[in-house]
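According to TrEMBL, the protein has these features:
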type: DOMAIN; residues: 35-112; note: domain 'Ig-like'
type: DOMAIN; residues: 107-360; note: domain 'G-protein coupled receptors family 1 profile'
type: TRANSMEM; residues: 125-144; note: transmembrane segment
type: TRANSMEM; residues: 164-188; note: transmembrane segment
type: TRANSMEM; residues: 200-220; note: transmembrane segment
type: TRANSMEM; residues: 268-294; note: transmembrane segment
Amino acid sequence: MAMMAGVSAKKGSPTEEDNQFLECLEYEQKSECKPTFSSVIKDVEVVEGSAARFDCKIEGYPDPEVVWYKDDQPIKETRHSRSTTTRRETAAWSFQRCQGTTTPSTRDSLVVYVVCSQRSLHRPMYVFVAAVLVNSAVGSSAVYPKLLWDLLQGRRVILITRSACFVQAVVLSSVGSSSFLLLSTMAFDRYLSICHPLRYTVLMSPAVVTALLLLCWLVPPLPIVGAGLIANSLEPCRDRVTRLYCAMYTYVNLSCSEGHMLSNVFNFLINSMLFILPTAFVLFSYGRILVLCLHRSRTFASKALNTCLPHVIVLLNYFVCNTLEMMNRTVPAGEHTRETLTSTVLTVVVTTVSNPSCTG
């Protein structure tokens, strides 16, 4: 009752409304993963002795939930929902002005079709470009269709099952890691073609290209699925993800068990293996190319840099988006900020829009 005293002054014998008020508090205390009354009204200005009246109702069937009211106006809905449901709040105000769902996938598919249909483009550089665009199309297909449908329905809070959120997190993490490996492979291809042109045909034979593609596509999902299974085994505690999509780290943050620390360590190792090491390899490859260009003629340097420029732009796009993702990991999964939503929009839009333009 000390918590109630700072909110509203209730004197005399308890009324029916007072009993309902206490019932709500008791219901929340017994419910798992429920916020306290003080956290429910933490965004509402409360002054000692204020005349503002706070009450509540237990609503909903078959999953009841407590709805708090200030002066008969709902102030916040508590997070009591089925454990199989996760809420995602989207930045609809920004995303609707950016693009639809078919544009990036169509452009990616068009470039891939051109590379596959033209025999003159059956060269390692264009094959790797097509592979990166295939990853981009897969990532777009994992996010855009459901998102666009919900936006067209006028929804700003999207419901997604935990299993669908898990699959989306695994797919996006696998595609992102695979894209970084493909970009490092493209850097290796450019390094061989510029620094070792006489041995390029032998070193980058069709068999080697096929092996590199399979390596880039099959290796990332293995550790990511392992981390996902660990995260999926944790007991869920939260149900709100203030992101445009489900990522592995946000999926882990939905759990209330201390076991999520193990999954976070696993994710750090995955990021080190699939993001940091390929980036270091790319910097090494282009550093060698730059050193070679400084010792050659201006014409040679111009041709070499023009060949590498589209790849460098795509690499910078992925690097910026991955940096935003790593910055988002410092924000709790249930915390809603416009900056967080904007960064998730940029993460999805920048890569899917710019990659076909740069490589096509």
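Here, residue 1 is simply the first one shown, and the rest follow in order.
Every residue gets a Cβ built from N, Cα and C, even glycine.
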Same-chain residues at least 6 beyond the ends of the transmembrane segment (200-220) whose Cβ lies under 8 Å from its Cβ atoms: 124, 127-128, 131, 173-174, 177-178, 181-182, 185, 189, 192-193, 274
Chain residues outside the transmembrane segment (268-294) and at least six past its termini with a C-beta under 8 angstroms from it: 173, 177, 180-181, 183-184, 187-188, 190-191, 194-195, 220, 223-224, 227, 300-301, 304-305, 308, 312, 315, 319, 322, 326
